[in-house]
């Protein structure tokens, strides 16, 4: 119920303005009872609107521009374009075309790539093509470098921690400020705990593509309540809260066990925002039927077509949590995961003025980046 002051793209402490500069606002905006919340951050999105980030094309840039523009209406103000398991040639072609950049009227900001695979488990490959999977057998970190070609704009790498020599890879990635996520894996709890001790901080889409919870060895899921997490460290976990990938009861269990670690991700694929039918996910053909997406001809789930604002609303509905809690899972927590919470994910003074206006049912009404309106719900047609 207060004023939010913005200047030069940052959220301002108005005290200085009043007392030091004796100034007042140049522009005043009546938010008409909207909720103001930090912009959403999607750390796992494979594409959308017909664009697939794992397809090497010469106009990759125009594809990423389209997605970053369109997700503004979902409240996403920054994101990590995600590549699923691909042949090295795809990484070598796509990654140089990707650059970290600020958001604006042109679209959501790009925080760096999320490389999901190919160093993952064959048993839990999910929608990832088996013939492209790799191991660290020979050169460990050198193998990873050779596969990706460059780590310049990489923010997150998902790998399976039970793979031989993964510990040294996790240490090397962490040393470079890259977030290591555990996923597509058959790791037991002690392997997962060891990975966290070496620097891993995230779990890729909890419950999906990992061993199911077992009371004697809870596997990666056990990290949520593990007592072997180094002091001062928090393990975060992604959840696809679309009502399809995770049963609401499982969502509630995870949230109650470790509320501060929950990060909502869309895991959206090229078919998000498109009509049902056949679309691609990297090297595979997928079929969309309502909110379900399967590898064509199978019942293997392959990413989602849910939007981030839908995930936030579904999460709140499933858990009965407060609006603040639901909004933080899509803003504050991903920012903390990436270590950027001093500038994104909050409405604190001096942070980037990336924020949303939402109604009480958490539908996005307007999206702002660096204090500028970049999208607004068209009310004339309603």
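Every residue gets a Cβ built from N, Cα and C, even glycine.
Caution: TrEMBL annotation is automatic and unverified by curators.
Taken from TrEMBL, the feature active site, proton donor/acceptor covers 267. Around residue 267 (active site, proton donor/acceptor), taking its Cβ as the centre, 30 other Cβ atoms fall within 10 Å, counting all chains.
Residues or ranges marked as Zn(2+) binding site in TrEMBL: 116, 184, 205. On its own chain, residue 205 (Zn(2+) binding site) has 44, 183, 238, 239, 240, 245, 265, 267 as residues at least 6 apart in sequence with a Cβ closer than 8 Å to its own Cβ.
The substrate binding site feature in TrEMBL is assigned to 127, 208, 209, 216, 245, 301, 302, 303. When other Cβ atoms within 10 Å of the Cβ of residue 127 (substrate binding site) are tallied across all protein chains shown, the result is 24.
Look at TrEMBL and you will find 35-374 tagged as domain 'Amidohydrolase-related'.
Taking each of the binding-site residues 209, 301 in turn and counting other Cβ atoms within 10 Å of its Cβ gives the largest count for 209. Ranked by how many other Cβ atoms sit within 10 Å of their Cβ, the binding-site residues 208, 302 place 208 at the bottom. Spanning the listed substrate site, residues 127, 208, 209, 216, 245, 301, 302, 303 have a farthest Cα to Cα distance of 30 Å. For residue 302 (substrate binding site) paired with residue 116 (Zn(2+) binding site), the C-alpha to C-alpha distance reads 13 Å. Taking the C-alpha positions, the distance from residue 184 (Zn(2+) binding site) to residue 209 (substrate binding site) comes to 5 Å.
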